[in-house]
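A.B. asks: Pulled the feature table from TrEMBL, pasting it below:
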| type | residues | note |
| --- | --- | --- |
| REPEAT | 10-48 | repeat 'HEAT' |
| REPEAT | 164-202 | repeat 'HEAT' |
| REPEAT | 203-241 | repeat 'HEAT' |
| REPEAT | 242-280 | repeat 'HEAT' |
| REPEAT | 281-319 | repeat 'HEAT' |
| REPEAT | 320-358 | repeat 'HEAT' |
| REPEAT | 359-397 | repeat 'HEAT' |
| REPEAT | 398-436 | repeat 'HEAT' |
| REPEAT | 476-514 | repeat 'HEAT' |
| REPEAT | 515-553 | repeat 'HEAT' |
| REPEAT | 554-587 | repeat 'HEAT' |
Amino acid sequence: MATMDEPLYPIAILIDELKNEDIQLRLNSIRRLSTIARALGEERTRKELIPFLSENNDDEDEVLLAMAEELGVFIPYVGGVEHAHVLLPPLETLCTVEETCVRDKAVESLCRIGAQMKESDIVDWFVPVVKRLAAGEWFTARVSSCGLFHIAYPSSPDQLKAELRNIYGQLCQDDMPMVRRAAASNLGKFAATVEQTYLKTEVMSIFDDLTQDDQDSVRLLAVEGCAALGKLLEPQDCVAHILPVIVNFSQDKSWRVRYMVANQLYELCEAAGPEHSREHLVPAYVRLLRDNEAEVRIAAAGKVTKFCRILSPQLAIQHILPCVKELSSDSSQHVRSALASVIMGMAPVLGKDATIEQLLPIFLSLLKDEFPDVRLNIISKLDQVNQVIGIDLLSQSLLPAIVELAEDRHWRVRLAIIEYIPLLASQLGVGFFDDKLGALCMQWLEDKVFSIRDAAANNLKRLAEEFGPDWAMQHIIPQVLEKINNPHYLYRMTILQAISLLAPVMGAEITCQQLLPVVINSSKDRVPNIKFNVAKVLQALIPILDQSVVEKNVKPCLVELSEDPDVDVRYYANQALQACDQIMMSS
């Protein structure tokens, strides 16, 4: 009896849990659908489980979302691709619910299943689902149907294809803006499956309707369609049909549409080809750069370098540079920030002379901008300019501004400068570095912000690696060791950290003669935080030093610290002593 009841048991539990008032139990049972399907076997899953799920009208969106997701990967549990069609009814129901994320997931699962179905099954089962949804009384069904046409269309016979194109055209003229929006956003995917002859006629006519829609939310989705359709059409057709639409959209009364054009313009230029872009799209782009809405100017400014790469340097200097100058003093800090993040890339496009004459003054004005993000975006891309104008000019024109920023009141700007210093140092060379930037690097070790002090210590290590131990011995080590007597213990801790970072670069001899005595001396400090940091530094130095030095100098100091009244000092001292013993044993 027990063996007979066994297969019934999982489905009984599932049905009970699916009707349970506790949403978590219902969710758990949905998440376990695959387990239950395996227990039931393929045939019972098809005949009992799937119909049960089709009838299940749970009102919790979370449960429905989980079901839509599970059903998308359910083909193996119903007996493979030849039985995939049994999964369509429950998903069709989910395509009509009110919650958008449930519908989207159901459409995604239907697409996944449809992509695996045989052509004959698509015609017999999938296309009728699409047609029923497209004719749905409630707008949610019609919205969902728009995302399914690109799966249904390629496998259909010619007569059915004509019907599907006609239905899609009707959806693009639906009374509900939500349906027209869905049709506009899926047009690119659908168009990619339509034959070239119908693409130029029927699909372009649908597209024209969408571009003249009275709702800006539909028109802005049509902008996305411009780039997708532009890539599908021949270049001459793209110029004839798509470019005029883009030019009109760039003057649209809704700023959201213009913003979308600014975002997509580079992709549209790629589709149209450089010649037509120069002729038709440069005036449109200039209009967007001078738009009265800040959001549109931000989107356009962010594409300025990409756009200039399509143009010849002369065109960029003639048309785009005047706009860039205006944007560099724009009233919106976000526009200036967007410009600063890409403007450095214009230097290689415009060449050396134009960069020196036209761009350098703009860089300088942005480097002195009152908004820290603008300054930050310029600093982080300086190397692109250096490649074009050379280090001499860069140092004369931009370095005074960089030195000024090194003392900026915003710590993130100071941090960006520090992180850029090793790169600057390698580009400027040792002589120039000593004159202009050496003092700054020491000054940062005593900054009020920990992140700056931490970065400054790492910076010294990278400089020592760049210029070598001899240079570091002359220019870094003496100044660092002087600061160990700073009255504030936090600054003394920074020096200890700098010593532990510099030691591996400096080698055993300098570490033993110059750095170790300072560390051991600090073990007598009255602040426990310093003492346990001494123990940490000594542990880091053990692999670098000779064994005799460890035995004679390091170990006695650690033994003394291991008897300190402070528990943390004792802990770190014992850790270091254990490391000592391990190294001794291994050697």
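Cβ atoms here come from the backbone N, Cα and C positions, even for glycine.
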A.B. asks: Suppose you look only at the repeat 'HEAT' (164-202); what would the mean pLDDT be?
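C.D. replies: Here the predicted model's pLDDT, averaged over the repeat 'HEAT' (164-202), is 82.
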A.B. asks: Tally of helix, strand and coil residues over the repeat 'HEAT' (554-587) according to DSSP?
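C.D. replies: Within the repeat 'HEAT' (554-587) the tally stands at 28 helix, 0 strand, 6 coil.
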A.B. asks: Treating G and I as helix alongside H, and B as strand alongside E, what does DSSP give for the repeat 'HEAT' (10-48) in helix, strand and coil?
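C.D. replies: Summed over the repeat 'HEAT' (10-48), the classes give 33 helix, 0 strand, 6 coil.
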A.B. asks: Taking helix as H, G and I and strand as E and B in DSSP, count the residues of the repeat 'HEAT' (515-553) in helix, strand and coil.
C.D. replies: 29 helix, 0 strand, 10 coil
A.B. asks: Provide the three-state DSSP residue tally for the repeat 'HEAT' (164-202): helix first, then strand, then coil.
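C.D. replies: Its residues fall into 30 helix, 0 strand, 9 coil.
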